[in-house]
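Chemist: According to TrEMBL, the protein has these features:
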ACT_SITE  299  active site
BINDING   298, 302, 378  Zn(2+) binding site
């Protein structure tokens, strides 16, 4: 909050010196009082932000907490089968479909062998919705199982209580409310949300289709929390036109977990062909629609392969099991054990996102916080923040190229990278951003006091710096302050401290509850961004002596960043810096051009020619091409396919052109 005090202009005359001196003292005193009031307001505003966060309840969930690993671990208990393996028959289109005795050339033959993947077909089965007597809520007051309560305990104990001490989230008995019953309206919302999810993946991923029907084993119940028994016809006849079958249930969950999903059957190559998706009925509401959409994409990603238990089945270009998917090392700079994904396309897209072309960047971190439901099966939130595969999902979550790359690196899918969203967090921040502790980060990525507001990392809002005093000491590696119990609000983000947007702090929302301050030249709207500023109209005084921040219009014209105050546009220095405006005292501090205008990768040391055409990894300016590509920029294709010899032999046998004893059979 900025405080403005105006003083009238007077012609200098012979006033009593003592009277004038007293007037000046009074003015200074008023300014100090106003400044103190402003500071109190800022603190009050911060407190309100925390209060509003603390009031979140099951009726007003703002984010989804994933419990995927917890679900999978429950399936690994003695006597339970984690998943079944059911071999499928696959056919390579284009091989053996040509009449006549003319032999295709090798390049043409290889082209046919490579174009085998088609948009993934996800079949949704709703037969089990509301049908489990001991797990689905059918009436208010019903007591149903959540997980597997101890057999030795009487029915009803222990009772699920996420707010208890200690909290009980699973393996307990759940008391059903009206919100937990999947009525017709909730079922309609369920079908709509899952239908949209299946359609999104159809556009995002391609897979080698099975020949004929997809066959399932039905060896055991599919999924968790009692699972779902596969329909008999799925086992006997298979499922037509499907690459993945998802069995849907609507059983209750605790806390702010909207849904969960697991794979239960795989083919001979390890790809998931059946899975169980559970959506909690109390979150099938109009208010939760956007959050649920993001949550379902997140959970189906786990089924498809974003799961440490699936990593062991990942395949390379030759369909051999990958020797390395993750590497665990003791990171001296971070001060702890770190697990990183080292898959080729994940590393490549990570380098281009962060601008991390140094050899010091070796892979993208997996989450090590969040307990057994989250750790290991998500991206590290400190590095990817609002990416959809971090441990918590909200309405701002986006799908990055790194997540699509992980699925493509599985060897099962071909990713459509045009379906990826723009991830701003960490963009073009360099190798040090990925490899250093967050207290060494620069700019809006780090803050260390609650007394001053600032700009969020993407400059779309004014924000506050949430710092928490915990009841116990933080881990040694997370102690960024002299006080061992002091740190950021999120354990998933490694207790890092960074500016978080005020609820009314958006610069891009012209309908924000807080009106722009005209005395500071502020304007809110789609082309406004947060910038540091000491501007104030001539004849007025800012209530604070330090530099503040505000929302100002910007535009990108002729490779320059321009900003406007009071309708007057000025060109900013390329690397950022101060600009002044007529009618205003003080200055506005422009960001660097690339912060607001650049759409591609900023020119950084270690970049490679043509970004290696995204056919190879770029390290210290040199391209290391993926299998099948070569050249200084990996632009030349070798049309490599490890199965070309197999295809050629099978083609010749089918058309009577192969004789083991003829030397020219391979010509």
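Cβ from N, Cα, C; glycine included.
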Chemist: Could you tell me the C-alpha distance between residue 299 (active site) and residue 378 (Zn(2+) binding site) in angstrom, no decimals?
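Modeler: Answer for this pair: 11 Å between alpha carbons.
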Chemist: Judged by the number of other CB atoms within 10 angstroms, which among 298, 302, 378 is the least packed of the binding-site residues?
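Modeler: Among the binding-site residues 298, 302, 378, the lowest count of other Cβ atoms within 10 Å belongs to 302.
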Chemist: Would you list the other residues of this chain near Zn(2+) - those whose C-beta lies within 8 angstroms of the C-beta centroid of 298, 302, 378 - in sequence order?
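Modeler: Along the chain, the qualifying residues are 66, 68, 299, 301, 306, 377, 388, 389, 391, 393.
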Chemist: Using a 10 Å radius around its CB, how many other CB atoms surround residue 299 (active site)?
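Modeler: Its Cβ shell of radius 10 Å holds 27 other Cβ atoms.
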Chemist: Which of the three DSSP-derived classes (helix, strand, coil) applies to residue 378 (Zn(2+) binding site)?
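Modeler: The residue in question, residue 378 (Zn(2+) binding site), is coil (DSSP, three-state).
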